[in-house]
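Everything below concerns the one structure shown next.
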């Protein structure tokens, strides 16, 4: 269980300079993403057009890495994108570059083209078992973004293979999953040993402690990916039955799933490999969110109960799948998984 050293409310500054830089960077990127998502580019897209999320991806990565570089240029970044597609005189590259610059300038008019492309390209670190690095997913949940549903800007600070700081910006997530009238736009920050905190994206300087909840079995809620390529829904249903979990299930894009477990709106998140899959989870798909659950009092392991190992490069190659829970149901879920995958 996470240490609870902070009071129920605190200031962002109390978590230290790295947390301040990371949270402010994620908040800025979240604002840029929302500008793209709600703007003319999104409104004019065709059904199969992925350009808005591409523009937002590049712009968010540029904003976050620029801010992190200003904080401490010695800490490298593992990011998803490079700027190759934005360079050159070809019409496609020129148009995409102009759209990315427009998105960046909605927030930061001082950044020129060279600064933006350079920031994007700094996300080229390969990761590893020693030292510190950031792991960034500028838009986690691209399909959620495109359908105006859940997505997240996700950032984790990894030190010697372990996440020590995690930040999520969830611009489309409401404060209460069961109240459609609650405030939309949530952020979360967790620092190892100091707890998990939530904030509104409009005011990231004031933090409120977030904790998991432990309801009776009939109210335990599962949250899982919308996309079947990310998890096995059939296996999730089997796990619920075997572990005597009787609450409803919610399907949601992005690392917002970690957030709703960490704040107690859900109690179990499963990301389960399909039969025969050799897929290795990317570290940026989990580095921002997993510490949110752990520091809120929950547990995060792979399907075998092993801690997630972020020191193996850009993937969790030593792990299979992910189980994040309130801690109370964790052992029963791992036992059920062992039986199912044994067969």
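Every residue gets a Cβ built from N, Cα and C, even glycine.
Feature annotation from TrEMBL assigns Mg(2+) binding site to 80, 137, 139, 140, 285.
Feature annotations (TrEMBL) mapped to structure.
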| residue | record | CB count, 10 Å |
| --- | --- | --- |
| 80 | Mg(2+) binding site | 18 |
| 137 | Mg(2+) binding site | 32 |
| 139 | Mg(2+) binding site | 28 |
| 140 | Mg(2+) binding site | 28 |
| 285 | Mg(2+) binding site | 22 |
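Sitting within 8 Å of the Cβ centre of 80, 137, 139, 140, 285, and not among those site residues for Mg(2+), are the Cβ atoms of 136, 138, 141, 142, 152, 154, 254, 255, 282, 284.
Secondary structure at residue 285 (Mg(2+) binding site), as computed by DSSP, is helix.
Residue 80 (Mg(2+) binding site) falls within neither a helix nor a strand when secondary structure is assigned with DSSP, and so counts as coil.
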